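As given in TrEMBL:
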type: DOMAIN; residues: 11-42; note: domain 'PutA RHH'
type: DOMAIN; residues: 89-136; note: domain 'Proline utilization A proline dehydrogenase N-terminal'
type: DOMAIN; residues: 148-259; note: domain 'Proline dehydrogenase PutA'
type: DOMAIN; residues: 268-569; note: domain 'Proline dehydrogenase'
type: DOMAIN; residues: 659-1103; note: domain 'Aldehyde dehydrogenase'
type: ACT_SITE; residues: GLU883; note: active site
type: ACT_SITE; residues: CYS917; note: active site
Amino acid sequence: MGTTTMGVKLDDATRERIKMAASRIDRTPHWLIKQAIFSYLDKLENSDTLPELPALFVGAANESEEPVAPQDEPHQPFLEFAEQILPQSVSRAAITAAWRRPETDAVSMLMEQARLSPPVAEQAHKLAYQLAEKLRNQKSASGRAGMVQGLLQEFSLSSQEGVALMCLAEALLRIPDKATRDALIRDKISNGNWQSHIGRSPSLFVNAATWGLLFTGRLVSTHNEANLSRSLNRIIGKSGEPLIRKGVDMAMRLMGEQFVTGETIAQALANARKLEEKGFRYSYDMLGEAALTAADAQAYMVSYQQAIHAIGKASNGRGIYEGPGISIKLSALHPRYSRAQYDRVMEELYPRLKSLTLLARQYDIGLNIDAEEADRLEISLDLLEKLCFEPELAGWNGIGFVIQAYQKRCPLVIDYLVDLASRSRRRLMIRLVKGAYWDSEIKRAQMEGLEGYPVYTRKVYTDVSYLACAKKLLAVPNLIYPQFATHNAHTLAAIYHLAGQNYYPGQYEFQCLHGMGEPLYEQVTGKVADGKLNRPCRIYAPVGTHETLLAYLVRRLLENGANTSFVNRIADATLPLDELVADPVEAVEKLAQQEGQAGIPHPKIPLPRDLYGEGRINSAGLDLANEHRLASLSSALLSNAMQKWQAKPVLEQPVADGEMTPVINPAEPKDIVGWGREATESEVEQALQNAVNQAPVWFATPPQERAAILQRAAVLMEDQMQQLIGLLVREAGKTFSNAIAEVREAVDFLHYYAGQVRDDFDNETHRPLGPVVCISPWNFPLAIFTGQIAAALAAGNSVLAKPAEQTSLIAAQGIAILLEAGVPPGVVQLLPGRGETVGAQLTADARVRGVMFTGSTEVATLLQRNIATRLDAQGRPIPLIAETGGMNAMIVDSSALTEQVVVDVLASAFDSAGQRCSALRVLCLQDDIAEHTLKMLRGAMAECRMGNPGRLTTDIGPVIDSEAKANIERHIQTMRAKGRPVFQAARENSDDAQEWQTGTFVMPTLIELENFAELEKEVFGPVLHVVRYNRNQLAELIEQINASGYGLTLGVHTRIDETIAQVTGSAHVGNLYVNRNMVGAVVGVQPFGGEGLSGTGPKAGGPLYLYRLLAHRPPNALNT
C-alpha cells in the first residue's frame, strides 16, 4: 500500500529503497529526499542535460491529476529535528568537511598554492625589506600613534603591567561611580612593577608614563585600606585622588582615540578628510558587540541606517571602489544569530540585512559583511547567497564579504564565493583578513572536546594560507574585487608583485586598521613620482563612543601586543629585518625539515582530545553548528526513537518481568519513552547478598584491571553518545547541548577515576569499604549516576545503584555499558525505585559500608541520622558522601562588563531550566549598575526559547515533573502576594500553542527581593532572585550569604583583584567562580562539592574523592 512522504505518494518498495540508501550514508530518509530535490534543482537551474526530461514532458499531459491526501502518521520523536537539517550543494559540503581537518592535511595542500615563483619571491623580499626598514626608521610615527605604539611595545602583554593597562583600558571608562573607578586604579597600578621599565624605552612618552605610574603606584600602594585616604591627603592634599583618576583616565582615552576614528559618524567623516586627500579610502564600522536583546539589535539597525545615509552623502557619487563604504556585523542585527536559531535568523535578521544593502545601493557605496566566529561562517554564507539573488540588487557590485585566512575552510569558501558571483552575475567584494578571534576559537574547541581546531595553531601557517587565498582571489578579476587587509610588509609586497605592474583602478585594494596600519600604507598609497607604490588602501575605521570601544580595544591590544604580530615585531629593534620579512612558505619548509612533516601543530597547543596530556583523554564533544554532525545525529535519533526502552532491576541473577509503568517525556506527555518497574523487597535483599559475596572478588582484581574496565566503559559510552543524547532529551528534558555535556561528564568521570587508581593505587595498601549504595538525582541522571559508581568501583567496592525514579531508563543504559565493558555481574547492580522504599531498605541495611548521595538537603539529613550509629571494623561511622543544594549567589560590582554578566547569568540561572545544584539563585547587583543590568537581563530573557528540547532551537526545556512545576509556581505566587516585583519572559518554540500547557514548563522568572535573608530555601527551577547592595556593604552581603548555611557555589564579577581577594577570602563555599558563569564544573579541572548544608565533601572529580571510599589507605596518602 502506498503512503505519502513529504506529500508524495510512494509505494512501500520505494520507501524501503530510500530508507536503505539513507542508512548506508548515515542519514535520515527525510534528509536524503530533501538533498535529492536540492541536487535536482541545481541541475535544472544550471541547464544541465537531463535524459529523463523529454519523457517527463511527454508523460505530463497524460498523467492523472489525482490529489494526494495527507495521511496522519504516528507521533515520531525528533522528526522536527530532522526537518531542520539543511541540504547542501557539493561546494558547501566541501566547506563543512574541511572545518576541523588535520593541520598537516590543510597546510600541505596550501604550500604549492602559496609558493611564489623565484623572480616574484625575490622582488617581494626586496620591497618588503624596503618598506619595513623605512617603517622602523621613520620618525613620523610621532604624536598620538607613536606614543601609544611605544606604550604597547614597552608594557608587553606578558607583563603584569601590560595586563594592568588592559584592565584599565577595558573597564575604567564605563564604571559609573567614582569609588569603584578609584578602587580599580589603585588595584591595577599599585601592583605593577613600573620601576623596572624606567630608562628601558627610547620613547619619551613611555618613560614619562612609567614615571607617572611609578609615582601613582607608590602613592596608591598600601597594605592598609583604612589609611589610604589619609595617606593621599597627607602627601598631595585633598584633590590628590581625583587628579590621579583624571590622569589615568586621560591616558586610557588617549589609547582609545588611537583606535577609533570618531565618536559619531559625522566626526569620523570629518576626521577622515586629511588622509582621504592623500588617496586613502575608508570603510566605517559602527562599534559594538553582539546584540543580546531586541532593543540592542534595533539600536544597531538605526545606527547603521544613519551611518549609510551620512556615508552615502559624503561619497557624493564616487562609487563603491573610489568612495567610502560601511562594514556591518550580523551579530549586532539580531540577538540570536546562530545555527540553532536558523529560522529566526532567516525570518528576522535577513530582512534587516536586505534593507541595509538596498540603502547602500541607493547611494552606491560598498557594504561589507564582517567575519565573526567560525561557527557563524556557514549561516553567513546562506544569508549572502539569498542576498545575491534579490532581484532589486541585480547587477550591483557593492555586496562585500569578509573571509578569514586563519580558518582551514578559507580556500574552499573562496571557491564557493567565485561560483556564487558567477551564478548571481555580479562581482563580489571580498576582504581577506588574517582573523581576530583566534584565542576564543582555540578555547572553544578545547572546552567542547571537538576533533580539531577550525583555525591554524601557528601564525606562519595563517600567513601561508593568506598568500594562497590571495592568489585565488586575484585569479578571477571579473568575479571578485579583492580587498587585502594586512599590516605585514611581506604579504603586502607579495600581493603587489603577484597582481602585476599593469594596475588599473578597480583591480584590487589594500586595507588596514585605523590607528595601526597608516605608517606602512603611507608608503603605498600615492603617486609613484612621490616615491609611493600607487596602490589604493582603505582604512577600516571604527566609529563609536568610548563605552562601545571596549571589546574592540581589547582585541586590538591583544593583536598588537602579541609577540607574533608584525606591528609588535617591527618596533623591536633587536629583531633583524630579514627575519621580519621572511617568506612564510620558506619558514614552513624549514619547520618541516626540523619536525619531519609540514603542518605539524604548535607543540604547546595540543588537540582538544589531548588537552590533559598523557594522564587521560578529554571526552569527545559534538558540534551542533556542523551540518554533517547534525545530519548524523538526526539519523541516530530517529532510528533509536522507536525503541521502547526498559528499566528493571539488574542483579547478578535474571529477574522476572513484573508489571511495568510507562515513563513519560516531561515536555510531551503523549511521548512514552519506555517502561520501568521498581525493585521488590526480595530483589533488594538478593542484591545486598550478591554485593557482599562479590565485594572480595572485585577487590582482588588488580587496580590496573579495574581501571582498564572503566576506560572500556568510557569508550563504549562515547560510541553510544547519540542514542544516550536522545534518551536524555526525552526522559530528562535536556536540551541537546546539555545532553552532550552530560555524556561528556560521565565519560570524564570514568577516565579520571580510572587514571587515578591505575597510577596511585595498590591493593596491599588501598583497601575498599565493601558494598556501597549510590543514590543519584534526576537532574544529572547519567553524569552523577556514573560518577558515583565509577568512583566506588575504581576504589574496589561493589555497588548498589539506586537511580532517581524519574530517570531510571538512562540509568539502565549506564549499567548496561558498565557490564558490557567487563564489570562482573553482581559487582554493580541496578535497583530502580522510590527513595521511601528501595532507598530506605538499602541504607538501613547493616551490610552496606558506605553511602553516596546527591539530592536534597532534607533527605541527606535523614540519611545521616539513619547511618550515624553504624560503625565500621575500626569503630568509625560508615562514610556518607553527600552533595546537596545551595542558595548560590553571584556578586556583581560596577566594574564588571554588563554584557558578559548577562550572558553568564542566563547560563547560570536558566540553563537546564535552573535544575542544577550549582545554578544561580540570587543575583547581587551593586546599586550603581543594577537598573542597567536588569534592563539588559530582562531583554535577554525574552529572547530565550522555551519548549520541547527535541528541537535544536530550544534553549529552556521542561522542569522534571508536575510536582516540581507546582512547587516552583507556588513560590512565585507567594512572592507576588508579598508585593515583590516578578518578571517572566520567554519565546514560544513551536506552532503548537498548547505545548507550554501540556508539558511541565515554567517560564524563566526574575524576582526582586529586599534582602538576601528573604529567601529561606532553595527554589529548584528557572527562578532568579535579585538583591541590590551598596559598594560599602560588600562585607555585610558576604556575611548574609554565609549565614544561609549553604555553601555550594558563588560567583563574582569584578575587574578589581582586591574585591576578588575579599570575596574568596571570606565566602564559605565549595566552588567559587570569577568573571564567568557558575555552572559546568569540569571533572579533574574544577572538582565539585560544597560545605555546610550543601554537602559533606570531599569534592567529586577531585584527587581526594576516592580516598573517602577506602577502609584503609597508606599513611602517606592525601589527608582526607
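Just so it is clear, glycine is given a Cβ too, placed from its N, Cα and C backbone atoms.
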(request) Based on DSSP, name the secondary structure state of CYS917 (active site): helix, strand or coil. (result) coil
(message) What does the structure give for the C-alpha distance between GLU883 (active site) and CYS917 (active site)? Integer Å is fine.
(response) 9
(request) Give me the non-local Cβ neighbours of CYS917 (active site): same chain, 6+ apart in sequence, Cβ-Cβ under 8 Å, ordered along the sequence. (result) ASN779, THR854, GLU883, THR884, GLY885, GLY886, LEU1048, GLY1090, SER1094
(message) With helix taken as DSSP H, G or I, strand as E or B and everything else coil, how many residues of the domain 'PutA RHH' (11-42) land in each class?
(response) 27 helix, 0 strand, 5 coil
(message) Is it possible to get the count of other C-beta atoms within 10 angstroms of the C-beta of GLU883 (active site)?
(response) 26
(request) Using DSSP, tally how many residues of the domain 'Proline utilization A proline dehydrogenase N-terminal' (89-136) sit in helix, strand and coil. (result) 39 helix, 0 strand, 9 coil
(request) Would you identify the secondary structure of GLU883 (active site) according to DSSP, in three states? (result) strand
(message) On average, what pLDDT score does this prediction assign to the domain 'PutA RHH' (11-42)?
(response) 72
